[in-house]
Amino acid sequence: MGRRWGLLVGVLGAVWLLGSGQGGRQPAESAAQRCFCQVSGYLDDCTCDVETIDRFNNYRLFPRLQNLLESDYFRYYKVNLKRPCPFWNDISQCGRRDCAVKPCQSDEVPDGIKSVSYKYSEEANSLIEECEQAERLGAVDESLSEETQKAVLQWTKHDDSSDNFCEADDIQSPDAEYVDLLLNPERYTGYKGPDAWKIWNVIYEENCFKPQTIKRPLNPLASGQGKSEGLCVEKRAFYRLISGLHASINVHLSARYLLQDTWLEKKWGHNVTEFQQRFDGILTKGEGPRRLKNLYFLYLIELRALSKVVPFFERPDFQLFTGNKIQDAENKMLLLEILHEIKSFPLHFDENSFFAGDKKEANKLKEDFRLHFRNISRIMDCVGCLKCRLWGKLQTQGLGTALKILFSEKLIANMPESGPSYEFHLTRQEIVSLFNAFGRISTSVKELENFRKLLQNIH
Ligand SMILES: *[C@@H]1O[C@H](CO)[C@@H](O)[C@H](O)[C@H]1NC(C)=O
Ligand SMILES: *[C@@H]1O[C@H](CO)[C@@H](O)[C@H](O)[C@H]1NC(C)=O
């Protein structure tokens, strides 16, 4: 009952806002204020403020995270960019050179990463093989300690597909290739116009929850205003995550804009005009600052997921396995350092407000949420620009992994009181996408500081 009433009030509120021409002109504001005036203080639906995030991210997290992401374990991402679009077939491939992705030569990627059998570590892996064999023979090797036997058997049994928010990319397919993320950076590609619009429109229109009674474009870059009033907290959160992802991608494109394109040299850098067109409060009729707030919201969600999954990475047998023992050990230390820093963040998002309430209704909602999200990960196969498809897939998979962590029953049931649960499992693919996706958002938050400074010089 309460929810329905809330919905009605929300819908009326949204209609009223549409009619009242919200976001009216306030000429006295400076360029910087017009993008950032609302992007300060407390964020909706959580108890964290933007300034705390900025300080935490820009000075403590960002530099170390960049270091980690440059390591072999994190830079090579296996992806199938040739999957057909499941929803329509008139994809016009972007032919521009900047849209292309250069896959790795087979000898570039360390063997330890390529060998599919190294799921956890060499030791754990041979244990699994032994155990699987023993199981087939109808007996578990008695020489293993009871604890190890139990753990190993559990490892071999994670069928956690029901926890997954993303369509598993078929990385075993012959079409899947390793891509060096450092050599194929996310930046302005020139991919825009109707095709790029179509993707975001489909995502917002068909896959974001929206109040059924309002018929208007939900894509906030379209002429109407995208509002999420009138939705329950979970559906509003879903919308905000997608909007945050969209905003983050646009921050990168504005920060790595192709400024100069001659046969002699290409120069990439900040394009303040582009940034303003997407985020200026007046130019976007009030939507820009809201998008930036959603970006912070996305940041908090992924940050919280990382803090929650620390015990998984703390297991002594967990390795960032590439085959280089010394480097692997150093990287694990850096990873744990970063994770402990994240854990110490004082104002973590409280995901317990999600999917609470009536158990049956909450489960239905969670399932809805999952299906919608999986759909979005499939839509990424319809992006015509391969570079954009690569980063789109990586970032949705990363966010999907974060959601899997936040809402996994196994994790909730087993951590942290009872220590790490061996039932909860992340693949290398999920780990690489989780950290790289968070790395992108962390970069966006850092870039906002740069744009803030650049805008202060403009009036
Ligand atoms: C910056 O972006 C705008 C579009 O937003 C474009 O018109 C302009 O040419 C770009 N500036 C440079 C130096 O490329
Ligand atoms: C998935 O996306 C397609 C294409 O946009 C749409 O037709 C379908 O209704 C979506 N399903 C869900 C569960 O969102």
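Count begins at 1; order follows the chain as displayed.
Even glycines carry a Cβ here, placed using N, Cα and C.
Look at TrEMBL and you will find CYS385 tagged as active site, nucleophile. What TrEMBL lists as active site is CYS388. Residues annotated as FAD binding site in TrEMBL: ARG187, THR189, TRP200, SER243, HIS246, ARG278. According to TrEMBL, the disulfide bond annotation covers CYS94-CYS99, CYS385-CYS388. For 1-21, the entry in TrEMBL reads signal peptide.
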Among THR189, SER243, the one of these binding-site residues whose Cβ has the fewest neighbouring Cβ atoms within 10 Å: THR189
Conformational class of ARG278 (FAD binding site) under the three-state DSSP mapping: helix
Pairwise Cα distance for HIS246 (FAD binding site)/CYS94 (disulfide bond) [Å, integer]: 20
Sparsest-packed of the listed binding-site residues (ARG187, HIS246, ARG278) - C-beta count within 10 angstroms: ARG187
Residue among recorded positions CYS94, CYS99, CYS385, CYS388 with least C-beta crowding, 10 angstrom cut-off: CYS99
Neighbour count (Cβ, 10 Å) for TRP200 (FAD binding site): 18
Listed recorded positions CYS94, CYS99, CYS385, CYS388, filtered to Cα within 10 Å of ARG278 (FAD binding site): none
Proximal residue to THR189 (FAD binding site) among recorded positions CYS94, CYS99, CYS385, CYS388 (C-alpha distance): CYS99
